[in-house]
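TrEMBL lists B:78 with the feature site 'Important for tRNA non-discrimination'. Sequence annotations record features per position, and here TrEMBL assigns domain 'Aminoacyl-transfer RNA synthetases class-II family profile' to B:141-429. The annotation L-aspartate binding site is assigned in TrEMBL to B:164, B:207, B:353, B:357. TrEMBL lists B:186-189 with the feature region 'Aspartate'. Taken from TrEMBL, the feature ATP binding site covers B:207, B:208, B:209, B:215, B:216, B:217, B:350, B:400, B:401, B:402, B:403.
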């Protein structure tokens, strides 16, 4: 019966069996140390018997082995215990030498080497830590929304029209006709508010992004939520705040080891995220009051303001100009130049976009007409059907998983924390 | 402050506000009943005031309204209470008449009508019940595997090669070059066993299925699990059994209302699923011992046997001929004509396929060569890299969500329980 490496310290004096990968071998004069890696961490095996020493010489790093031995206390060993008098059995043929030294505590290779060899480099405890944070964040996202009575949905990724934004869409051959990969589940999640009131979806979205930047991927994991019977976008922001808090809490508890390996301290999010109107934000940043968007420098200034004035690393900017938002955005009732939408900034950089949507059929017809489009366009017919038959005031938000994790862990490039990233130049592994 | 319909019975005597869709209006001589639908169910509102009666006449079914009234006990009302003396406020313009009568307890429309108008027909309490079962099943899948220390992964759906099966793959234009939609996360989930030992993924898979059947979709939700350090496929079957049990339990608790609306009773799954070897299964079904596969009639006979002999609606058939299984399948050590793989049958129909995979690099080279392929093929290079650098004995399984729900609920066509299905003829809504 196999135990995990993390269970070794509580088995001192017993004979146990562990299994995993040969993480490292250290040969001294009369003794060798085998460091074994399994999903729970590392353990140390002390090899002294001449036959076993010779066997170990043939078992290169990454060979999968099973080790039976006696647990002995040793304050110098990881967890304060190690295996002695081991019997080692190889579970595979000896492994080839890995493309990077997985046992080194820090990663010294450049990103191309890491990505080209991801099937193996992801095994490095620091490299894999990025995804551990991501997996924990997914759990926190779902758990928070489950607790708020949301229903999970999974909507099609193959769609008939490239409506939301004609550009940057991947086209495919669908049984001889044209189809596209969904750039977001926006239309479907709104539609499903008509069915379940509160919905979320975790799934891939696709952007044929022609720019090679550290922030963009051609495929990424989008965490989408949408819900009905809101007063306005402030209700959406309140749920987003709870979701971010839930994600941070899940990362802190479920990925504690990963945070330690990455040397990351989690931020806190206040009960009430400070909110600035877009027009105040421009003023605060010293920008031209007619600017339709915030520059990176503006966002940094706003982030500093929130930290200084509210002790918060999070700040929301609401009221972005309608001209910069998608057609389904709800205007600010008191002044329709502005919108009932927001960006949530974290440490002075945009993290999440959300807001209230239009919910009256007539408003959709008008909004499309104002943009030179038509509600009669077949591309919109299923989407608009939901509104023709009654939709409540609603809103939602979308979080890009890889970007969220990169911001949280301080990764400079989203590719560092994505599993097998896709971009302009990369389609493998 | 809005309360949900399901909270009305515990608020007798109080003035409350509810909100939702006008599900049905029933006009009697001196009184009208408004049945209001929200995410929690239905409630009854009694309208007597002449002004409110006139207002109600203008609010067609599916109009979104908010109702403030006094809760009165009434044994005839749903939940034993109703709202009286209501003030009704429309939250949208009056809704158009829905394409089907959503208030009828049973669904009388054909599947094409339901699917063509899915944005609205999914609101029918019986139609939406299918997805409620699906969402609960997803929760049970993840919760069970989280409890077994699995790590969630999300792997690319855009892939560079159509390796697993050259046919039935969707091709797309990837920045001017060819790419494909992943038919399964098989290669990635195996690769990730080298990183996390135990992984699962919930996500879309894509099959350019040229046949129009009640069982096939061009895009469906696949629930994949894969894990290392197994003895053989029986360890995989044991985890699958726990996962199915967890999914059934989640459906029973989280989708109890949906099961009731569908008139479905959940099956039990025994602690030990009965197992038959493929060769015994042929014998039992009275089939030719040289048959390489089980016919639907064979599967039914085996299902009947399991129910008769073991009182189980589930039965596993192990040992399927290697010639019928993918190249990564692990052979049965005692007789390599057979495989260490299985199908799990439910009520005499295949529900899940799983098994042990090859784990030695040399075995992959030989298996590919035996099928006329080469380990040097760039299509396999990243996949095989994981095996060259040490992989434990491992296995896994994949559950098609829509098929699982259809079998469970007795739906004749998987399209009945899919959200916005995609097939040879359908790309919208």
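Quick reminder: no glycine exception, Cβ is built from N, Cα and C everywhere.
No curator has checked TrEMBL annotations; they are predicted automatically.
Sequence features, as recorded in TrEMBL, placed on the structure.
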{"residue": "B:78", "record": "site 'Important for tRNA non-discrimination'", "Cβ contacts under 8 Å, 6 or more apart": "B:41, B:42, B:43, B:44"}
{"residue": "B:207", "record": "L-aspartate binding site", "Cβ contacts under 8 Å, 6 or more apart": "B:168, B:169, B:183, B:216, B:217, B:218, B:219, B:220"}
{"residue": "B:209", "record": "ATP binding site", "Cβ contacts under 8 Å, 6 or more apart": "B:168, B:216, B:217, B:218, B:423, B:424"}
{"residue": "B:350", "record": "ATP binding site", "Cβ contacts under 8 Å, 6 or more apart": "B:299, B:343, B:344"}
{"residue": "B:353", "record": "L-aspartate binding site", "Cβ contacts under 8 Å, 6 or more apart": "B:341, B:342, B:343, B:344, B:397, B:398"}
{"residue": "B:357", "record": "L-aspartate binding site", "Cβ contacts under 8 Å, 6 or more apart": "B:190, B:328, B:329, B:330, B:394, B:395, B:396"}
{"residue": "B:401", "record": "ATP binding site", "Cβ contacts under 8 Å, 6 or more apart": "B:134, B:137, B:138, B:202, B:220, B:221, B:222, B:223"}
{"residue": "B:403", "record": "ATP binding site", "Cβ contacts under 8 Å, 6 or more apart": "B:215, B:220, B:351, B:414"}
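Taking Cβ pairs closer than 8 Å, the region 'Aspartate' (B:186-189) reaches residues 153, 155-156, 163-164, 199-201, 224-226, 326, 328, 382-383, 396, 398 in its own chain, all 6 or more past its ends. Annotation note: residue B:357 (L-aspartate binding site) sits in a strand segment as assigned by DSSP.
When other Cβ atoms within 10 Å of the Cβ of residue B:216 (ATP binding site) are tallied across all protein chains shown, the result is 19. Binding of ATP is attributed in the record to B:207, B:208, B:209, B:215, B:216, B:217, B:350, B:400, B:401, B:402, B:403, and the widest Cα separation among these residues amounts to 21 Å. Break the region 'Aspartate' (B:186-189) down by DSSP state and the numbers are 4 helix, 0 strand, 0 coil. The secondary structure of residue B:401 (ATP binding site), as reduced to three states from DSSP, is helical.
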